[in-house]
Amino acid sequence: MNIHEYQAKRLLHTYGAPIANGVAVYSVEQAEEWAKTLPGPLYVVKSQIHAGGRGKGKFKELPADAKGGVRLAKSVEEVVANAKEMLGNTLVTKQTGPAGKQVNRLYIEDGADIDRELYLSILIDRTVGRPAFVVSTEGGMDIEAVAEETPEKIVTVAIDPAKGVTDEDASKLADALKLEGQAREDGVKLFPILYKAFTEKDMSLLEINPLIVMTDGRVRVLDAKVSFDGNALFRHPDIQELRDLSEEDEKEIEASKYDLAYVALDGNIGCMVNGAGLAMATMDIIKLYGAEPANFLDVGGGASKEKVTAAFKIITADPAVQGILVNIFGGIMKCDVIAEGVIAAVKEVGLKVPLVVRLEGTNVELGKKIINESGLNVISADDLDDAAQKIVAAVKGN
């Protein structure tokens, strides 16, 4: 689960992280009212959407030379003028895709006199099985570009969960970020604060880009992105209250109601698979044969007929889908259950696109019999390679 920048910063501030004074607003009137409560004279007006690259993003409704989703203002009047342009309009960034996201709230905060911009994140390093800090002196920019062009400027420090952030860890991080004097003191205090927030709130990612050193030598969290482990949300009702459903894909919300692992993508071939590994392999082979998957969808090992029906309906609800591939290897999951679910869904919503079904494993013959006797126009496949070629050919034939 993701939250907005202002929510992330407020959460980190409760642990003691230094942030600027700021207010979240939902209207131009609120922007004017609350901006007057900030010290000024420099303000930053930030679009609040669940996507990165806001500063370099562009609003669909504005001229091409208009400013992006993060803007500086030197007066309350400029804050208001920017709010009028930003609220209600669609911001397109490298992470939103061409559709963009509508900006329904802004975060207005005090400006800062910046000396240096740094990068810091905490995530789970699965190669060592521990939380790890990833830091770089190249903050305020695309960390992926830094990793590709100058990987030596990125430093990773794994943390022993039994010890937490030790003095040695903090010193390594301060050295990697080249912090000196007051900035080093602030950093050494901040690192364990961030780690505590990360672990106590079951975060999967905590990213600060940039973490700034101001001209007075103090360190401040200037931007924050936080994602939480969805499997641990039951422990954190306070975090669940921060969820903004308007920022989430409607199909993904519906899938979560049935405990389906669904991620919307930009392609045109819908996929329903059991098992994350097989689902990824299915998407790979679709791309291999020149098409693009419309989604990742893992129905899991013990799905019921109702769950399979819901999964199929979610796929067909995507107008971009021009074909569907059902790829099931039955272990715990039984092929006849998949067949019954698919047939029930098709009878309810209709079938307007080609459907290829590949079944293998438990009750496979019964599953194939159910589909063959259903009277539906279903294309059978013998294996994954055959299934991928058939669905790609069927879609391109349309």
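Please read every residue number as a count from 1 along the shown chain.
Every residue gets a Cβ built from N, Cα and C, even glycine.
Among Asn231, Asn268, Asn274, Asn377, the residue that Swiss-Prot places alongside Gly331, Ile332, Met333 at the substrate binding site is Asn274.
Cβ neighbour density within 10 Å is lowest for Arg54 among the binding-site residues Lys46, Arg54. Listed in sequence order, the binding-site residues near Glu117 (ATP binding site) (C-alpha within 10 Å of its C-alpha) are Asn209, out of Asn209, Asp223, Asn274, Gly331, Ile332, Met333. Each of the binding-site residues Ala112, Ile332, Met333 was assessed for Cβ neighbours inside 10 Å, and the highest tally belongs to Met333. In three-state terms derived from DSSP, Gly55 (ATP binding site) belongs to neither a helical nor a strand segment and is classed as coil. Packing around Gly53 (ATP binding site) is summarised by its Cβ count: 16 other Cβ atoms lie within 10 angstroms of its Cβ, all protein chains included.
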